[in-house]
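Visitor: Below is the structure I would like to discuss, written out as structure tokens.
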Amino acid sequence: MTVVPIRIVGDPVLHTATTPVTVAADGSLPADLAQLIATMYDTMDAANGVGLAANQIGCSLRLFVYDCAADRAMTARRRGVVINPVLETSEIPETMPDPDTDDEGCLSVPGESFPTGRAKWARVTGLDADGSPVSIEGTGLFARMLQHETGHLDGFLYLDRLIGRYARNAKRAVKSHGWGVPGLSWLPGEDPDPFGH
């Protein structure tokens, strides 16, 4: 099992769009990609996350892993990887997010969560670990995860989507933790679980 540090908000790799994974003419993926995917699963699992984008561990490639239920109250989970994802969503509400149902956290903003407006439905298409086409979709928490992880790969954190008092509270939290600068990370399994799982 290989668990690596997760970068914290302020690291340039989190704020830069990732590079698509190169697919050979025969459809094969780079040989070292399988090890990266295994490391991402190990790190996500150690952090008790529902998703992890490659740039969260310092790799600027366009892929994410996930292990997520459709709803916060459900125990049945879906697990997988999407390489070179393309996101499609229903309309994103223009109202203030609900603090009870729209709360969102991030392993790169450890221990904090803020209500974030997201589309109720999302679909991602891309490739699986074998290079075969894959399409996954969902509603609720699963749709939120798809939007969150794809956002990472586009160089955005969920903090960038916050509005009103939630945006102000997030800025204060980042400042109070001393984040927002390059070089900060935490190591799941070694550092305390910031979300108290």
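Note that the numbers count up from 1, one per residue, in the order the chain is shown.
Just so you know, glycine gets a Cβ as well, placed from its N, Cα and C.
As listed in Swiss-Prot for this protein:
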type	residues	note
BINDING	Cys106, His148, His152	Fe cation binding site
ACT_SITE	Glu149	active site
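Quick one: where do these features end up spatially?
Guide: The Cβ neighbour count for Cys106 (Fe cation binding site), using a 10 Å radius and every protein chain shown, is 26. Mapped onto three states, the DSSP output places Cys106 (Fe cation binding site) in coil.
Around the Cβ of Glu149 (active site), the same chain contributes Gly51, Leu52, Ala53, Phe64, Tyr66, Val82, Pro85, each under 8 angstroms and 6 or more positions distant in sequence.
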Visitor: Return the count of C-beta atoms lying within 10 angstroms of the C-beta of His148 (Fe cation binding site), excluding that atom itself.
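Guide: Its Cβ shell of radius 10 Å holds 25 other Cβ atoms.
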Visitor: Let me check the 10 A CB neighbour count of His152 (Fe cation binding site). How many other CB atoms are there?
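Guide: Result for His152 (Fe cation binding site): 25 neighbouring Cβ atoms inside 10 Å.
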